[in-house]
């Protein structure tokens, strides 16, 4: 399940940047954007399944940290969607990019710091 979740995130980020480049070039990126929305659903479902499997075995404050990581992941998805919608409507995206970057860094940090992630930190 972890590999499916990571693969969904990788595909989601790739589709996000492809849709962003299409919108910034003035082309229609609606099809890629819809594919990205499908990836959002897969990311949320696999993340929730991972969270539920962790709840069964986690001890101490691990529930809180994984819950925080799940909420931060939803913020990343929200930031991605807001950037693309504002780009498609030719509105400024500066603040939304800030939200997206901060949430992405936080979710990567939590993902690498917590026990299921890689042992980088």
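Just so you know, glycine gets a Cβ as well, placed from its N, Cα and C.
Feature annotations, reproduced from Swiss-Prot:
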{"type": "TRANSMEM", "residues": "6-26", "note": "transmembrane segment"}
{"type": "TRANSMEM", "residues": "38-58", "note": "transmembrane segment"}
{"type": "TRANSMEM", "residues": "65-85", "note": "transmembrane segment"}
{"type": "TRANSMEM", "residues": "92-112", "note": "transmembrane segment"}
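Long-range Cβ contacts of the transmembrane segment (6-26) within its own chain (Cβ-Cβ under 8 Å, at least 6 residues beyond either end) map to 32-33, 35-36, 39-40, 42-43, 46, 77, 80, 83-84, 87-88. Long-range Cβ contacts of the transmembrane segment (92-112) within its own chain (Cβ-Cβ under 8 Å, at least 6 residues beyond either end) map to 65, 68-69, 72-73, 75-76, 78-80, 82-83, 86, 118, 120-121.
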